[in-house]
Amino acid sequence: MMQKKLLLIVSIILNLVFTIHILYYSSTTWNPTWTNRAAAEAETVASFSCSGHGRAFVDGLGVLDGQKPPCECNNCYIGKDCSVLLKDCPVDANSGDPLFLEPFWMRQAERSAILVSGWHRMSYIYEDGTYVSRELEKVIRKLHSVVGNAVTDNRFVIFGSGTTQLLAAAVHALSLTNSSVSSPARLLTSIPYYAMYKDQAEFFDSAHLKFEGNASAWKQSGRNDNITQVIEVVTSPNNPDGKLKRAVLDGPNVKTLHDYAYYWPHFSPITHPVDEDLSLFSLSKTTGHAGSRFGWGLVKDKAIYEKMDRFIRLTSMGVSKETQLHVLQLLKVVVGDGGNEIFSFGYGTVKKRWETLNKIFSMSTRFSLQTIKPEYCNYFKKVREFTPSYAWVKCERPEDTNCYEIFRAAKITGRNGNVFGSEERFVRLSLIRSQDDFDQLIAMLKKLVYHEEDVPSENFMYI
């Protein structure tokens, strides 16, 4: 009898030990199964240095044939490892690729990484029947709250494939707000303006919309009759000159669309939280991820929101679920410390570039840069300079009528002022590309300014 009791007790104890061991092992140790290959592949490709002048990517050429992805070199660098710099290579200062933030994200490799399963959200819609990730909507509202650049209360949040799609959706929605008017709505903006506004209006060639151009000229003309439906696009900070803008037009016939793609601490003092009826923002100028093609809008009026939403559904059936997951992870990193790391890095980087640029142009009598008075920034809690994405350069000599061609002859490709509705005496130079691009731009600018008649060569020694 005692022997049976002992055996029973031993059996119970062993079962308890095994149960505790299994529970403890399961809760404290986890071994990945299906993620091993993908993680190893990503880590391997990320380890390719490409001499610091390029990047390798998991979707690079040759991977389908079992080859290692090649280094994709920065502009003016060549070779298998991007180690060879081409002499007198033309500089690309045209594109607004925000690669200046790439070093920040490389430092955040672990926090920003995601691994997507092959069956991730295969449905068209989320559980609530929409095309919108509610978690992403929440983190976007939090982002604006911590930065203090926009009011999100009592606003609908709409997603699009970049602000390019949202711009088309917004203009479409606003042009349909008064169907009783037979003539098309006029699309207006301030000069210099972002060319996409004109390009989209003319490309879609809608019976409901006509690009008219300069808002100030319209206001002073006899056509400003308070009857013709008008849509004014206000870009603030402005592209190309970086200045804060306000609406020029008002009246019962005027609808205003605000493009705040550049209203982030990288580029501008955050002077106040904007509180508009319709505002657009872009991931590309927030985190630098232009290739993700993601933007969002804050819309006060439900009817306008519904028209925009219908436009998005009919043209793309929402934004990719993988994109929304990626953006969610990126913005979680941003808001995790109130944006301090990324905005301090971004502002510091662009500020240094402007300091270098100003030193060069201060020696020139042939070229001048835009000037913007410093303002108090509520985000950084100090008065600070504007640090725009672009240099808006003016050729001052009477004979220099085409500034773009003058810079192109100096092997600097900018963007012609006439693209922005302005004079050809202006050219836009991008300051937000990679450090390699900026270094090459500075080298070419030194040569250009150096050849001015009245600039002593010793002035360049400390730039």
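Here the Cβ of each residue, glycine as well, is placed from N, Cα and C on the backbone.
The annotation transmembrane segment is assigned in Swiss-Prot to 6-26 on the grounds of sequence analysis.
The DSSP secondary structure for SER282 (pyridoxal 5'-phosphate binding site) is strand. Residues near SER282 (pyridoxal 5'-phosphate binding site) in space but far in sequence (CB under 8 A, at least 6 apart, same chain), listed by position: GLY162, THR163, ALA261, PHE294, GLY295. Per Swiss-Prot, the feature pyridoxal 5'-phosphate binding site maps to TYR124, THR163, THR164, ASN239, ASP259, TYR260, ALA261, TYR262, SER282, LEU283, SER284, LYS285, ARG293; the stated evidence is similarity to another entry.
Swiss-Prot lists LYS285 with the feature N6-(pyridoxal phosphate)lysine, giving sequence analysis as the kind of evidence.
Here the CA atom of ARG293 (pyridoxal 5'-phosphate binding site) lies 11 Å from the CA atom of LYS285 (N6-(pyridoxal phosphate)lysine). Under the three-state DSSP scheme, THR164 (pyridoxal 5'-phosphate binding site) falls in the helix class. Neighbour counts of Cβ atoms within 10 Å were compared for the recorded positions LYS285, ARG293, and the top value is held by LYS285. In terms of local Cβ density within 10 Å, ASP259 ranks first among the binding-site residues TYR124, ASP259. Looking only at the binding-site residues THR164, SER284, the densest Cβ neighbourhood within 10 Å occurs at SER284.
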